[in-house]
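Enquirer: Okay, handing you the structure first.
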Amino acid sequence: MALKKEAAGIWEWSIRVTDDSSKVLVPKEGLACRLFLGLRGLLTRLYLKLSKFLQNAWNIGCNDPRKVIHCLKVGMALTAVSIFYYMRPLYEGVGGNAMWAVMTVVVVFENTVGATLYKCLNRVCGTFLAGFIAVGVHWIASQSGEKFEPFIVGVSVFVLASAATFSRFIPSIKARFDYGAMIFILTFSLVSVSGYRVDKLFDMAHQRLSTIIIGTSLCIVIIMIICPIWAGQELYMLITRNMDKLANSLDGCVADYFSRSEGITGSNKEADKNLLGYKCVLSSKATEETMANFARWEPAHGRFNFRHPWNQYLKIGAAMRSCAYCIEALNGCINSENKAPEHLKKRISNICTEVSSNSSSVIKELATVIKTMKKSSSVDFLVGQMNSAVQELQNDLKSLPGLFIPQTLPEPGTPQEKTTEANLTGAAAASILPVPLMEVIPLVTLASLLIEITTRIEGIVDAVEKLSDLAHFQPVTDEKIKKDNKNVQDQRKEDEPMRTLQRV
């Protein structure tokens, strides 16, 4: 494009078009075409998201089929309770309050037997108590005359609702009867307020209580007969799994610490998963408390009696978390920037590995005790092995201060000094030359954490032994004790030459 000036003073624009056969002119898209492309892209994205959602749902169902069964049980319960609306004789028997049975099933039907029983019993007791008190308040208010009746009803609602709400802040009531207190507030308020305008208050309260009993009874029957999921069983399995993870994490952390010092840095997903298993122990406190609370409501089932000491599982979980915090600190030593010298690590690597191996053996034996519900005859022996290894580790730590205290060398220029310099080569020079104190601290930190872990493992041992006494675990026979002790001693004798060779 160029601008030309004519003689008459008139400016004229001229455009030069170059022929370029390599370029193809594309016609401009219309509005309908753009709408079609946008709609097609939107449908494609929706299809991809829907397919991803269905795939995730399928994976959840395959990983835990009990969730699918629970959904079917809820549908079965709702279908059964809906009969009170479909069939005229049943509907006339409970009146328009039949919808309360449907609402009860939706609200109280939970995944585990303990959770369902907790909500069912709380709902029935809260509804019955609130209805009984509401009917009594209504009778007193009706006898006082129309002038004082609304004041009496209002004051009763204020006082009882406030008192019931405050009770939900009390820890013992909140743990077991929080849902019942909420139902009490709801039922008493509805019955008291509606009773001011409804003449047949007693009939209404009776029908509402009947429908709630019908709904809760149906839920209890279905949840306990069709593939029941017991909260106590879930708590029991959670504790045993966490024990195995804790033992694997302890072995993994110590092995990873010394393997990195030898230049082994290969990554393994399974090894990393075992290394971080202690995090499951740290994050399971809320789940353990919830399961233990629900397990108290369950009847005797399987190997668990009605008065099974579920609270003791919480104490075992607390002792395990106390140990897991030390393992977390031990895991922090692996990625610490302050590294200890390699020749110092080799001095205590074998004994540290032995301490961690013995400690994890104790934890795994305790997990076996809980799984089998039988007292173990080798726990005391394994604890003794662990304490012996700790004593050896403490003795090795006493030799570390001599490494960073400068030793007295011969005077310069003497023949002994020349001979000494000639002989100081390789590892001998490294063992005599002083080591900075800051390089010894990481190793001492690792050893002190291992010693603290063994102390806290003894707390787990005490908690499991108390559980075995309270739950009346089967005692071991004398022949079993002798056999287990002999196996452990034989294994000890087989490993002794290897440990001696490793120390040398």
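Every residue gets a Cβ built from N, Cα and C, even glycine.
Remember, TrEMBL labels are computer predictions, not curated facts.
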Enquirer: Would you mind telling me which of 148-167, 428-447 TrEMBL tags as transmembrane segment?
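Expert: Checking TrEMBL against the ranges 148-167, 428-447, the transmembrane segment one is 148-167.
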Enquirer: Should anything in the same chain at least six residues away from the transmembrane segment (148-167) have a Cβ under 8 Å from its Cβ atoms, list it; otherwise answer none.
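Expert: Beyond its ends, the transmembrane segment (148-167) has Cβ neighbours at 133, 137-138, 140-142, 173, 177, 181, 184-185, 188-189, 192-193, 195-196.
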Enquirer: Give me the stretch from 68-86, 98-117, 124-142, 179-197 with the greatest number of Cβ pairs under 8 Å to the transmembrane segment (209-231).
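Expert: By the under-8 Å Cβ criterion, the transmembrane segment (209-231) pairs most with 98-117.
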